[in-house]
Every structure is written in C-alpha cells, then in structure tokens.
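J.: Structure below; questions to follow.
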C-alpha cells in the first residue's frame, strides 16, 4: 500500500515538472467568451485577478488576444505591450471603459506617468479591437502584430477608477497595481514577472532622485536665503550669518548636484522616454546654481564700487534658482506620481517657509527702526568683509 502511494506521488511530481504552463493556467482554462470565441493558450496573470487568452499565428506573427479582469462598471481597465522596456513607460495600451452607456476601446502610447489617454495609433499594428462588460468583468479583444516579430513580449495590465476629462486617469500606486507587469512568450506560454530586482532598484533610484532634489532645491536653499537676509539684521557685527548662509547653500548645492547626476543616469537608461520640460529646467537650474556658487570667488569687497552690481546679480540669480527649483520639483511630482500625501507634505513645507518670510521681514524692519530711533551706529570693529548691505 505504501509503495503504491509513493508511486502516485512520484507520478504527480513528474507531471507537474513536465507541464508547468498548463498547471499555472488552471484558473483561466474554464473561462468562456461570447460568440464562442476560442483561444489556444491562456495565462492567469499574477496580480489583479486578470487573465490573458491568446492564439498565436506563426505564419504572419500576429496574435489574437482576450484580456479579462474584474472591475466595476464605473472604472476602467487596460492591457499593454511594452516594446522597449518593462513597466508602464513606453507601453502601447488598449483601454476599455464605459462612455455614454457603451463600452469604449481606445489605444494610446504611455510616455509619462500622467498620460493623456486619447485614441491614437500604436507603434505596432492593431487589426481589430473590441470590448465587452458582463457580470462585473471587462474583456478586451484584439488582433495585433507582435512588435519586432518577437514571440516574447513585455506586457503590463492595469485597472482604476479615476477619470480625467472623461478618459481613464490614475490608479492605485501601491501593491498589487505596481506589480502588474510580466514577460510572456506567446509561442510557449511561459511567463516571468517583469518587475525584476533591477527594475525594483530603478524605482528606488527614482525615489532617491526626487527626495534629493526636493530637499536641496526646495527646502535647504530657500532656508539659506532666509538665514542670510534676517539673521544678520539681528547682529550685523557678527559674521555668523555669512557662515550659516555659506554652509547652508553649499550643502544644498552638493545634494542638488547628486540628485541632478542621478537624474542624468536615470535618463540615459530610459531610451525613448524623455521628459523634455523637466530635463531642460534641471539643466538650467544646475548651470545657474553652479555660476552662483562660483561667483563667490570673484565677489568684490563691500567698499568696491562694483559691489552694488554684484549684489544685484547675486540676489536676482538666487531668487531665480529657488523659483525654478520649486517649479521643477512639482514637474517631478507629475512625472513620478507618488502618493498624494507626499505632494501635500511638500506644499505644506514650502507654505510654512513662505509664511515665515513676511514675519521675519516685519521683525527685521522693526529692529532697524529701533536702531535708528536710538541713534544706532555701526561698531568700529566690524570687519569690512561682513558689512554687506541687506
């Protein structure tokens, strides 16, 4: 009896090793489609409860696909092939959603993290497409030409409930949605998760890039300006304000350069994906900040007749760097599209900094008036290096 059981167990193990695609597709083989559509292969996708059915035609390199996923009628679903990389950016997507009571299908290329979904041609041929909604489930049908005539393709799928201007908008940014990608072989049926340790590390690098630049350009540098303008009004005879300002801006510049360099690295690794506005502002910002730091080497003495022009330049470029930095931070938010709490946190932070400025301005002028009223004169021993006008 024991020998018989052992033989049965061994047989089951051998079958599972010999036919892994079939075993992994058990959840999808029982699904049926309208008009008695039949497909040669299917795969239960690893997240969101989605399934993919297809029939591959090797003679012409085309595939008939049916993507199915549960979703409320008020939401949207999407399935995509990414010809260049894994994940969302660069993917060629088919969206399905209800519009005026009917299920609508549109195709669009996803080039950024806040895409405008509109019907357009994909980078590969789509010969026909349709969609239906039944029993709480969307199904997208399509016949496509596999990009590059390759049977192994990177795919992504998604579902959400947000709409922008009547078209599909954002989706949940946490698991399982961020894991909704894989690589699939339409010939053999095998698949592997596309979110490899490399792509996971890339997402981590993007987050680090955003944090470095937000802290540097959007927090440290503005605080350094406030310190330079208002600390010295409290005690003009002390060089402390200058050292605090120089240290603060140097730290901000170093962190900002690190964030800028990481951004260049990420950009070089994202072939075909270019965020033109964000990149252009970053380059201008880096150049202006570098000039601003380098200008300290040629700063005239306070008594020099050209010092007034240097001061005007220093103030103007400093304000421009901070303004451009804050604008580019919000551009980065739109690209990275983190959870809304992080955007709100930065908005609160910058509003607090901006709110402190007028309070300090009132304090500064109050101190100055009190000095005038008490016939304040500059101490004789103030080093001329620190006697910089406010």
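Numbers here mean position along the shown chain, with the first residue as 1.
Yeah, the Cβs are placed from backbone N, Cα and C, and that goes for glycine too.
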J.: Can you identify, from 345-363, 364-382, the stretch that TrEMBL calls transmembrane segment?
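T.: Matching range for transmembrane segment: 345-363.
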J.: Sorted by position, what residues of the same chain at least six away from residue 314 (heme b binding site) have a C-beta under 8 A from it?
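T.: In sequence order, 292, 295, 299 meet the Cβ cut-off.
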J.: Where among 210-230, 251-268, 310-333, 345-363 do we find the most Cβ pairs under 8 Å to the transmembrane segment (280-298)?
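T.: If we count Cβ pairs closer than 8 Å to the transmembrane segment (280-298), 310-333 scores highest.
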J.: If we skip the immediate neighbours and take only residues 6+ beyond the ends of the transmembrane segment (345-363), which ones have a Cβ under 8 Å from one of its Cβ atoms?
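T.: Non-local partners: 214, 218-219, 222-223, 226, 229-230, 233, 326, 329, 333.
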J.: What count of other C-beta atoms do you get within 10 angstroms of the C-beta of residue 209 (heme b binding site), across all chains shown?
T.: 22
